[in-house]
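Participant: This is the structure, below, for whatever I ask next.
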Amino acid sequence: MFLKSLEIFGFKSFADRTKIQFLDGITALLGPNGCGKSNVVDAVKWVLGEQASKTLRAGKMEDVIFKGTDTRKPLNVAEVTLTISNDGGILPLEYSEIAIKRRLYRSGESEYFVNGQPAKLKDIRELFWDTGVGKAAYSVMEQGKIDQILSSKPEERRYFFEEAAGITRYKARGAEAERNLQRTEENMRQAEGILAEVKRSHDTLKVQAEKAVKYRDFKEEIFQTELDIQLLKLKSFTRDRDSRNEELEKIKGKQAQVRAEIEAINASLEQNMDVVNTMEKQISQLNQEIYGLAIEQKAKMDKAKLITSQRNDSKVKLEHIESRIRSAKETVENLRDEVDEQDALIHDFTKRVGEIKENIASFEDNIQKTSLHITNNDNQVVEIEKSIQDLDREKEAMEEELASITENIVTELDKSLKDAGYSSSIRLEKQEAVENSLKQLKIMVEGRNNIFADLKSSGASSESLIEAGTKAFSEIISALNDLESNLLAFTKSLPGFIDDFLAPEGIITKKRSVDQRISENREKVRLKKENISTLRTENINLSEKIEEYKNTLSDLNLDMVRVQTQIKSVEEQAGLIKRQLASQEAALKELENEHFSESKRLEEFDEQIGDLESEIADLEHKGRAITSQLTKLEDDIKSRNTDLSEKQEDLNKKSAEVGKYSGMIEKLNMEVVTSETEIRNLKNNFQEQYSRDLMEFEEKMYTINVPAGELREKLSQIRQKIKELGSVNFMAIEEFAEVKERYELLSKQLEDLKKAREDLSRITQEIRAESSELFMATYNKIKKNFHNMFRRLFGGGRAEIRLLDPANVLESGIDILAQPPGKKMESISLLSGGERSMTAVSLLFAAYMVKPSPFCLLDEIDAALDDQNVLRFVTTLREFSSKSQYIVITHNKKTGIGSSHLLGVTMQEPGVTKVITIKMQSEPGVFQETLPDIEPFEEEDVEPETDVYLPPHVLTRGGRVQETGEQTGPEDASGETVSQNEHNEE
């Protein structure tokens, strides 16, 4: 069994999934302080079940999950997988390779897996019991644990020796047996209390139960029938148990015979191995030369592989550049098409702006022409108003003329009347009428003059003047007509008056002429007014048309602004696309330059690969030459190796046969225990049901000739008869039966508990006896090995271990004494740091000589050693590496050089650990030349520990002493009860 690999993800500084491959021999992990080397050891302890966060250098268990760095986020899970080769079958699983996995979530949930299947922590711990591997075993040895072995209390050093003695499982089973014993005693106390209470009820109900005699007889018959059925089962189980016990004795005899044959083969192998070792030393040097060539060839092949990988990356990069060039060219073409499209849009929009401007100019011209037409109309109105003013002036002249005529009419009338000699009365009447008319006419003329003056002074319009003048003339004409009537009436009495007054040159004729002129003036004014109204109506229509033109012009201006905005947007978009086009064209040029550089780099890689292939071919030629020499030497020992292989194969077969017999023995023991359990359960069930001991009827068991089927049929018939009895007072008999059955059952249980207590006490004593013998056998071997290993590493001196309480070997503390050359024997606490470390190394190797761990992790245990002691340590470690696999964490260069394989632990990225393989650069044999010459010495015998008390073995129930040693262990004696308790505990 050896450690194949360790896969870590999210544990402490291992942020990336890291798989560390381990080979046989010695593997050294090198790296600066703080890079995470010890995290590898913590990962191994953690996956093997370590539960103490302080042991893992963490405040709480969730702290082992990667917490993140400045550039990485924290993870939520930690996972470690330990893969072990189980070709030797050391672990009790039928797999050649076993993977142990532990997973922890930040929520606190934890999981365990064995070969991908969920498991319990207990399963993993039991898997490595007494193999030297475990979270606290000496397979993981740290500087702190070395100090603990040396500095801790003598009682605390026991675990180191117990692990080497292989009594860990015995102690666990013994502790379980002690807990079961305590529970059994507590159950006994409870059963005794319940039994006393049940007895009182039993005595009271006994009298009442006697009334149901017939019913009881049937029950008794049922009991006898069921008793026969249970006895038939008991006979079957007893025969099975006895048969397996006989087979068990036969297999134990065969196992003892095979072990004797193994001892004979081992003696023969030791004799032949000495001869083979001598011959192998002769070919060692050639192997070292081949190893050197292989390393050099491997380095060149790795370099060629690296360059090939770089060439492939370069080729992929070149193809990627070509793809980017094609994409860039396509982008440039697309951008150019977009530029053309934008230019076409700008041309169309510009054309539209020109059309809108032409429409705007046309409408502006129409507005100008219409405005000019309105202006002309306004000018005509002004001219017409001027002509109306001229008519006003003519009216004023006619008014003046009319006033003059009126004055003349009055004067002439007065004169004529006087000259005609009119009669006084008539003349006065007519005269008054005429005078009144004249006065009225005069008043009207003066009033009208005042009206025209007021209108002129107030700036009234021409139309108002015309209307007022027309009205005035009408009133004057009316007054003149009245005057004319009065004059006519007056002239009738005045001969010759009318002729004088109405003659062609007369006043009235003149008056009529003025009337005609006024009428013509009125007609002219009317025509002028109509012309003004027509012009103003036309101006209104023209103004509305101008507003329509202005609205249309406003819409055109908005269209032009919108189109100009679109032109500006398109021009900006075109500018952006042109800038993108320029950028893409520059990027295309840069890609073409990069393509040229990468092509040159690819050619250089091809040249380097060719040179390396030539060098590798030369190395292969040298290797074949050395191999030819080596083959000749190997042929000389081939026949001996063949003989050794046959014997070793025979030995392996015999060992496998012993293991097979051990498995068969264990299986048969379990089957025997199972049969006894079935028998015990049968008895207990019978006791519970009938409150009677089934073994009371043991003699009857061999006299029953009725088949079980017939008995069950008979039982059914009896129960049918009970049913046919009809109404029966069942309460008394049932209550009494229940109380009696319970009473007897409790009594039986109490007896069983007493027997169980005796069994557990016996098991505990037997475990102590077995553990004591195994412990002392291992202790005395380590004691002798420790003394001789100390003398070898120190070049002399003495060392020993002592039991502080020999009478109690399972609890006694262990003291360690050492006497380096030239000093006196004293406690190790008084030694120097280097002497203490070498003493601890001596003790460690002494344990490995008794029970080597399949693989060991040594964390900086050489830190306190000087160079000379480091060489001694590594030399011894190399000798032991043929039996165990060693993984050494160290800062010492000599330890690294002396290792078979090197792994580098670094932290290239702050806070993140990375593991790399380091190629061995030193020539073969360099380390061997620096080794000190160790003077040969003879091993000294060491007296075993005296005054030791070993607890005696106890008798089993059958009166036979329980066997010790490898054939059976305490777990066999404890039977299934202990296993079931362990299961419940988990």
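Including glycine, each Cβ sits where the backbone N, Cα and C put it.
Just so you know, TrEMBL annotations are computer predictions that nobody has curated.
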Participant: Under TrEMBL, the annotation coiled coil belongs to which of these stretches: 62-96, 97-131, 167-201, 902-936?
Facilitator: 167-201
Participant: Roughly where does the coiled coil (318-415) sit in mean pLDDT, to the nearest integer?
Facilitator: 84
Participant: State the three-class DSSP label for Lys37 (ATP binding site), counting H, G and I as helix, E and B as strand, and everything else as coil.
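Facilitator: Helix, per DSSP.
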Participant: Which residues in the same chain, at least 6 apart in sequence, have a Cβ under 8 Å from the Cβ of Lys37 (ATP binding site)?
Facilitator: Leu29, Leu30, Gly31, Asp859, Ile889, Val905
